[in-house]
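First comes the structure, then the notes that go with it.
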Ligand SMILES: O=C(O)[C@@H](CO)OP(=O)(O)O
Ligand SMILES: [Mn+2]
Ligand SMILES: [Mn+2]
């Protein structure tokens, strides 16, 4: 396994491909995956843990996600992730001392409105309900008189129809606060995260619709309350998943929107994860914004929970500093003079760039790093197009391998995850089969080139397409906490090494996880493993 530049080593992430029970809910077990089966039985392999403490999340059962997964792979160690850092800052009160939060509080101190925008759930992938509650309680303590919540409804990181639970929790807080003279707290607008605002593929129509609702109070769908809206849409379509609920505004008896934004108001984006928060942030912050016509843009103070774009320092006001990865894998190999590529479709653009880089989006050195992004299908449900761009990615990967120019490449296949999020079993099976075929083509090219690859996933999803409920089963649209496969494909494999297996007695740091992949890649490339990385998984007798 010694490497020269023309013996490429790849990290292939089959996003959302976990190891499930093999039962009727497991799309991966039901799919026909001849490539995966052959690689699993013929090469060194293990199971990796991708959730909770194995990726620096606060709770033992916290699901993994793409941001934490790719950040951990790139860092090569377990770091406290955004939600962990926020929770710690809230616990030690440093959260409230940030100059960004203080500026927000000053702006609304004399009677203007504080707007909170964000994903209303406790999924902890993009946001957490407790962070809404913390900000609401703090605003109340500080005497902020008027507060409005613009709620993105989830059903993708939590149960498919759970929005009412989170709405009711905040309604209780509002009822308590509004019992005090002069306070007026409530919801202003809502809608499914897949329909409005939380786009990540520059489909500006989704952001525009959210903007018009939140900022201008404009929307045909108008309801007296959140629950009235949710019930209305569910009556019409009983199986609608919360993420797909149309956008709506909350109105008073005169049909006036309750929470338009006006001059002097402040807006806090409560989401901590950047990929789906940056587009709306651009609309709020950029002077030369041209995504859509913003209409009469009020003079607002805007802050985000964290940084959403480090290259452009967006937003200007951040309640928390970024999660710092001092020496991400891409930067380390750049310093060794290894040419690299990153390849995926645009839905997973953040994953192979700023998530894996722990910050930066653009190549540090364009002559040594090629970031290749194939446009994802737009305006379709991925359950209707489960092949997504797997074939195009494989074709491009083969070309890059054959060029003999690259020492390292990171590839992400979106299918098992994105189609898994739709909750449709038949489509998920097709998605998995598309990835299997694509991986087969890449492995064949690697075989010719004498290269190697780690074939793994950032977290599970498609192996758990149903979850048990009190009365039976319902579709699962979220990630899982199952382990994921990790195969070391090596054209020259002679059986002389294995990958470390999970051992129940191991402490979190030793359990094979995403944090061990950077060191494993160094070893595969024939370089000394840097001392500060979690150790390689390769074991030789
Ligand atoms: O779609 C997303 O934003 C998340 C789930 O909330 O999935 P992933 O972490 O795989 O990108
Ligand atoms: Mn993912
Ligand atoms: Mn996902």
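Counting begins at 1 with the first residue displayed.
Even glycines carry a Cβ here, placed using N, Cα and C.
Among 126, 128, 131, only 126 appears in TrEMBL as part of the substrate site alongside 156, 157, 193, 200, 273, 274, 275, 276, 348.
Among 479, 516, only 479 appears in TrEMBL as part of the Mn(2+) 1 site alongside 417, 421. 15 is the residue from 15, 122, 503, 506 that TrEMBL records in the Mn(2+) 2 site together with 66, 458, 459. Along the domain 'BPG-independent PGAM N-terminal' (86-310), the predicted structure has mean pLDDT 98. The full span of the recorded substrate binding residues, 126, 156, 157, 193, 200, 273, 274, 275, 276, 348, taken as their largest Cα to Cα distance, is 17 Å.
The Mn(2+) 2 site, placed at the center of the C-beta atoms of 15, 66, 458, 459, has further neighbours from the same chain whose C-beta lies within 8 angstroms: 13, 16, 50, 64, 65, 69, 70, 351, 412, 417, 457, 461, 479.
Checked against ligand 3, the binding-site residues 200, 274, 417, 459 give 417 as the ones with a Cβ under 6 Å from it, listed in sequence order. Note: the CA-CA distance between residue 126 (substrate binding site) and residue 66 (active site, phosphoserine intermediate) rounds to 10 Å. Of all the binding-site residues given, namely 15, 157, 417, 458, the one with the smallest number of surrounding CB atoms inside 10 A is 157. Close to ligand 2, meaning a Cβ under 6 Å from one of its atoms, are these of the recorded positions 15, 66, 200, 276, 417, 458: 15, 66, 417, 458.
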